[in-house]
Amino acid sequence: YRLTYYTPDYQVAETDILAAFRMTPQPGVPAEECGAAVAAESSTGTWTTVWTDGLTQLDRYKGRCYDLEPVPGESNRYIAYIAYPIDLFEEGSVTNLLTSIVGNVFGFKALRALRLEDLRIPPDYAKTFWGPPHGIQAERDRLNKYGRPLLGCTVKPKLGLSAKNYGRAVYECLRGGLDFTKDDENVNSQSVMRWRDRSXFCAEAIYKAQAETGEVKGHYLNATAGTVEEMFKRAVFSAQLGVPIIMHDYITGGFTANTSLSMYCRDNGLLLHIHRAMHAVIDRQRNHGIHFRVLAKTLRMSGGDHLHSGTVVGKLEGEREVTLGFVDLMRDPYVEKDRSRGIYFTQDWCGMGGTMPVASGGIHVWHMPALTEIFGDDACLQFGGGTLGHPWGNRPGAAANRVASEACVQARNEGRDLSREGGDVIREACKWSPEL
């Protein structure tokens, strides 16, 4: 492999798709051989020379390991940079992109561990994807909500409620001041609560809350199902009910299903909320798997208006600078290379709409100043137990979150430092809000 696929003198083309792998070779295996093996197996190579190699223009189509960079402070671990010609990939297919780059290389005997840290999607390839159904600005225009983070809540307990009581919980949260409520990721269509019943009661709750508050409200109705046909049946029913947003578990549901659902949402005026269930199986190990920034990039390409991104301050894992790095990759049109934030390549999205990050998991009103400072306005903050755990009930819990959010936004706009004065801001707001 090394003689053909390790090319340190290669000049990267603007159209190349670039990958950065964190690579741990087996003892005694040269890093150059491992990097070349990854490049070969994820492009044109196989374990031996075949006679059809002579019928192929190998220099045009092969992947190339063009740089190896030792990881500081770690022995026998490298960042391998690999360039893939754009012709190796089907246009507009995240499924094909991931199948090619990570589909077959992670089980190599020569590798002790391998992790895909980042991808550079060149403009020529990015333009073949539709991206999010609507994007951040179009969502704000549809909701008529500006200048603050959006607020949500996951209905708990996630399983066990009847459809009618589930709808009642949704209504109380929306009436209290939240913008959205949410199905949990494993709420599909169990015997205790079938999807059609849940959809009908949630739609009733949405319309009642909208009429009483004068605000646009929504509930993430989970369309994820065992078959694509059933998924679309649920999405179509949601569109017929006139609700503004539905939901999909994109990793367990699959990228092909997600892209199809995203296109349906675009054509039918539905926002699409994306949950990342099962992501930690893939991205949590430091030296093996796929970093979440890659999963976030590929979701933006496949299509989703919201994506769960971690909180930095709650119960789920996430380093601040690294989290903010992939949050910017989700919502900004252009992101510069910045290794301190884990961004290995400059990324130009060529006008593709942004995906709104969703902070969810173990957060409550005392986290509101930090969340407002960290994520800014273009984020959705979701408080499950932080709403439903209020001693007075769901509606006061929702009101407390809304008051805390608006107090933090006002304090920030007045120039106050939320990182130092956040606690004082919340305590001052408590004087005017019994719920808080």
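The backbone N, Cα and C atoms fix where each Cβ goes, and this holds for glycine too.
Residues annotated as substrate binding site in Swiss-Prot, with sequence analysis given as evidence: ASN104, THR154, LYS158, ARG276, HIS308, SER360. Within the same chain, residues at least six positions away from THR154 (substrate binding site) with a Cβ under 8 Å of its Cβ are THR181, LYS182, ASP183, ASP184, SER360, GLN382, GLY384.
Less than 8 angstroms from the CB of LYS156 (active site, proton acceptor) sit ASP184, GLY384, GLY385, LEU388, each of them six or more residues away in the same chain. Summarising the annotation, Swiss-Prot assigns active site, proton acceptor to LYS156 (among others).
Per Swiss-Prot, the feature Mg(2+) binding site maps to LYS182, ASP184, GLU185; the stated evidence is sequence analysis. The number of other CB atoms found within 10 A of the CB of ASP184 (Mg(2+) binding site), across every protein chain shown, is 18.
In the three-state DSSP scheme, LYS182 (Mg(2+) binding site) falls into the strand class. The annotation N6-carboxylysine is assigned in Swiss-Prot to LYS182 on the grounds of sequence analysis.
In the three-state DSSP assignment, the secondary structure recorded for HIS275 (active site, proton acceptor) is strand. All protein chains considered, the CB of HIS275 (active site, proton acceptor) has 28 other CB atoms within 10 Å. Under the heading active site, proton acceptor, Swiss-Prot lists HIS275 (among others), citing sequence analysis as support.
Residues or ranges marked as site 'Transition state stabilizer' in Swiss-Prot: LYS315.
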For ARG276 (substrate binding site), nearby residues of its own chain (Cβ under 8 Å, 6 or more apart in sequence):
ASP249, TYR250, ILE251, PHE292, LEU295, LEU299, LEU307, HIS308
Using Cα coordinates, what distance in whole Å links ASN104 (substrate binding site) and GLU185 (Mg(2+) binding site)?
29
So how far apart do the substrate binders ASN104, THR154, LYS158, ARG276, HIS308, SER360 get, largest Cα to Cα in Å?
37
